[in-house]
Amino acid sequence: MANLPPVYIVSTARTPIGSFLGSLSSQTAVQLGSVAIKGAVERAGIKPEDVDEVFFGNVLSAGVGQGPARQCALGAGLPQTVIATTVNKVCASSLKAIILGAQNIMLGTSDIVVAGGTESMSNTPHYLPNLRNGAKYGDQTLVDGVLKDGLTDSFKKDHMGISAELCVDDHDLTREAQDEYAINSYKKAQAATEAGLFTEIVPVEIPGGRGKPAIKVERDDEVKNLNVDKLKAMRPAFKPDGTVTAPNAAPINDGAAAVVLVSEAKLKELNLKPVAKILGWGDAEREPERFTIAPALAIPKAIKHAGLTAEQVEYYEINEAFSAVALANMKILGLNPDQVNVYGGSVAIGHPLGCSGARIVTTLTSVLKERKAKIGAVGICNGGGGASAMVIENLQ
């Protein structure tokens with residue numbers, strides 16, 4: 001990227017991650033996205049009218065209404081002139097949104113872009129297929145939108161967990177290794193939470209109703225839920241003889257995350273303080289059923305695009321769609337576990353599909369600041385066979 005104009009991250013913000021039907025389930029994807037965008041804009045020290053464009057991820061858009069990104073932008077108080085585009089690259093949606101935002105600034109189309117993503121899996125509806133033709137005779141079956149559009153391979157019609165089991169077989173991962181990884185993810189997330197290290201979080205206020213005071217949600221729901229004995233005793237979730245279980249996989253969640261991106265000219269003009277500089281990115285695709293290890297292709301592409309070597313990357317955030325995903329990609333890339341997901345990952349924190357790519361960017365900026373490190377990389381797989389990755393430089 002030596003010949004391309006630099007792009008800076010000047011703020012990060014994410015909501016706490018709510019459990020399925022948990023603390024944030026009363027809030028729509030739009031409401032959560034609006035909170036994240038508003039928080040990011042306020043932290044950046046810019047005015048709402050300074051924002052040129054919004055790229056925002058959302059996967060489970062049924063019932064959300066037209067243009068989720070546009071709704072989130074206006075809900076956050078951005079002006080009606082702001083351009084907004086919704087991105088659906090499954091789990092990588094919000095990281096791809098950040099990549100698109102950076103590219104937009106590099107092309108000179110915009111100077112200030114808000115990018116990220118949102119998801120309320122709790123509010124995803126069930127579908128009644130073919131009802132438009134009339135229910136002529138017999139039962140009508142409801143289709144779960146979370147499964148249909150979020151967690152099922154479109155080609156083989158298998159649950160994502162079947163792909164995780166294939167990953168386990170391909171890379172000789174044991175049940176014990178997956179369980180131990182999940183336990184460590186929870187413990188790291190618990191330690192980071194208690195130490196106040198998730199500085200990217202902005203609280204969500206839930207109206208109390210009937211004269212009751214509003215409830216302020218400030219912590220991730222799932223982090224506290226570790227039960228080691230129960231985790232180790234859990235039955236396989238996807239195959240009778242499998243090793244992937246509910247607790248060694250990411251849960252179903254609600255949440256949103258956003259970053260503010262600016263050009264160098266606007267950074268200087270408005271005297272903004274950069275959080276990080278985007279150094280490079282990469283996307284990759286492979287067989288749909290092996291999407292789990294696509295980050296091992298995308299991350300090296302991002303590092304090469306940044307003009308760096310793997311040895312220069314100090315910390316990684318690899319999205320834990322399953323414990324097996326993190327284990328396999330670390331194995332392929334030869335990474336030291338002490339470098340990866342040091343505040344825990346999505347197994348413990350949660351995985352709202354359209355939010356997670358941006359969530360791991362916000363967490364990485366917190367890690368790099370606290371550890372006084374310079375270079376970090378993120379990678380996230382997505383259903384269909386893909387992954388996206390990004391490399392950033394800490395400027396805090």
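Glycine too: its Cβ is placed from the backbone N, Cα and C atoms.
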> In Swiss-Prot, the residues ALA246, PRO247, VAL347 are said to bind K(+). Which of TYR127, TYR137, TYR186 is said to bind at that same site?
Replying inline: TYR186
> Compared by Cα position, which of the binding-site residues TYR186, LYS230, PRO247 is the closest one to ASN382 (chloride binding site)?
Replying inline: PRO247
> Could you give the Cα-Cα distance between ALA246 (K(+) binding site) and HIS351 (active site, proton acceptor), in whole Å?
Replying inline: 13
>> A 10 Å Cβ contact count, applied to the binding-site residues ASN227, ASN382: which residue has the minimum?
In response: ASN227
> If one looks at the chain holding TYR186 (K(+) binding site), which residues at least 6 apart in sequence have a CB under 8 angstroms from its CB?
Replying inline: VAL223, ASN225, LEU226, GLY344, VAL347, ALA348
> Closest to LYS230 (CoA binding site): which of the recorded positions CYS91, PRO247, HIS351, CYS381, going by Cα position?
Replying inline: PRO247
> To test your reading of the K(+) site: which residues beyond TYR186, ALA246, PRO247, VAL347, same chain only, put their Cβ within 8 Å of the Cβ centroid of those residues?
Replying inline: ALA182, SER185, GLU222, ASN225, LEU226, LEU231, THR245, ASN248, ALA249, ALA250, PRO251, SER323, ALA348
> Among VAL347, CYS381, all listed as recorded positions, which has the most CB atoms within 10 Å of its CB?
Replying inline: CYS381
